[in-house]
Amino acid sequence: IEIGTLPPIVPRPAAPQIRPNQPRVFDYDAEVPQKPVGGPSPELPGGPGVLGPQTQEGLPTCLLCTCLITTVYCDDLGLQSVPPIPKDTTHFYARYNKIKKIHKSDFANLNNLKKIDVTANAISEVDEDAFSGLPRLQELVVRENQLHKLPELPSTMTLIDASHNKLGGTGIKHETFKDMSHLLYLHLADNSINHIPVPLPDSLRSLHLQNNNIQKLNEDTFCNTKDLNYVRRALEDIRLDDNPINLSDTPQAYLCLPRMPTGRLI
């Protein structure tokens, strides 16, 4: 094109002619993605961990329950089993439900779990290794259930509350608490226990055994009979009331304690 001349005029393409009665055709398949039929719903961004794993009720755990950071609350939902739990959970609550059994798989691979509270269910059976493989578990609350024996627990425990169950004379294994060097609170009230589960760790602060069937104390139940200078300084709260035992029958059993247990003296 020379300077001072105009560019050639290029005709614009004509718009397609649409007859008055001719319907317009749209490609809906290209504009709107189709939802898959008969398959799982699309995952949210971030994968299945966003709302937790799928439960038997058809909802992710964190829609059925309440998840606050790493704490999961599944209280009073009528649950009959432990729901799948997100892997990063540290505290799990499923109180006031209808859970009857705890399986080993319920808490498998939850390596960050520190507390389990299943108060007021109908639990009568716990798989032997359901809790023992949890490396950071510190607190177990299973009060107000139907347990006949205490499950095996890791040595990391600081609190065990199995009050208001059906634990009997054979419900607690020998030396169950021996290696729990961080155990502070052991609450086993309102059962049918007929002996104090010794040896008790020196770390223990609170021992609740009221309303059981304990009939006898030995001099070495709390104290070290081989070391007259031994003092159990931490254990200041011992409940033995409502047991068929007279504490005045064994005065030597309390010499190492900072205070007398609560119980019958006459």
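In case you wondered, yes, glycine gets a Cβ from its N, Cα and C as well.
Note that the structure is a prediction, hence the values are computed from the model and not measured.
In TrEMBL this protein carries:
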type: DOMAIN; residues: 61-91; note: domain 'LRRNT'
type: REGION; residues: 1-21; note: region 'Disordered'
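The domain 'LRRNT' (61-91) scores a mean pLDDT of 95 in the predicted structure. Helix, strand and coil counts from DSSP across the domain 'LRRNT' (61-91) read 4 helix, 7 strand, 20 coil.
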